[in-house]
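**Q** What follows is a structure written as structure tokens; I'll ask about it next.
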């Protein structure tokens, strides 16, 4: 069972202090026991749930709202400025009214019974008050200890937090210094790389004319090489010169009859006409040589044979010349 003891003043006796005790099982709306005492006498009454419902119907209010108003007046301990209590010792009638700005209305009324042994009621009331005070004091002490513990924890946390803040600031300062050092190193490295890049670009600019000069010289040499004769052309020219020289040396001899031009003319004529075989001039030449050999003396015959052998070698050289090859 729950209890609530409050101190009130009656409207008829404002200088006298009364103590009002209300106890209930579940809620105030389910019924309660009211006890009133002035320290000498005591009055009590039991209010049922049906009576509360009847009072709510008489006031045209809902039961829950009416029970809430009773709880505020009897249990919450509101001051006399909001609620007014009226009690008559002769009739033992107890009523309470709620005061508004300009009006007041009756919230409830109960018929109390005087307790024959008021001392027991007062003793129970005092014991309850003392127990409540002890309980509240123990709870207060427990809360105070808890508050002290929380305060110590808070101080400890605050100290750790301050240390963490100091360490954080020191770490930030150290990291900032390291960042500045790394940044300066990077800037220095970037400057050196830019400087090296500029030097390389300047060197490339300086080497570019030399490269162009070398390229132009190389192109000139290649043009000169392309303008020169090939190995085959050079060999052919050398052979032609040798053949010409040998022909000149042979042609300049007064003792040898040069029959090569007539033979060559015949050879060209036969090639252009394309009707006679190439071996016919050689046969005619051999016949002419035989007739000439029969008419000459023996000595001239030997000389003629020697000359014929030279002419044959000359013909071989002439046939091996570049002109005969291309013919």
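Cβ atoms here come from the backbone N, Cα and C positions, even for glycine.
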**Q** Select from 90-120, 183-213, 214-244, 245-275 the stretch of residues annotated by Swiss-Prot as coiled coil.
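**A** Spelled out, Swiss-Prot records coiled coil over residues 183-213, not the other listed ranges.
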**Q** Suppose you had to name the range Swiss-Prot annotates as coiled coil; which of 28-48, 49-69, 133-153 would you pick?
**A** 133-153
**Q** Measure the Cβ-based neighbour count of residue 53 (phosphoserine), defined as the other Cβ atoms within 10 Å of its Cβ.
**A** 14
**Q** Over the region 'Interaction with LIG4' (179-211), what is the model's average pLDDT?
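**A** The average pLDDT of the model in the region 'Interaction with LIG4' (179-211) works out to 90.
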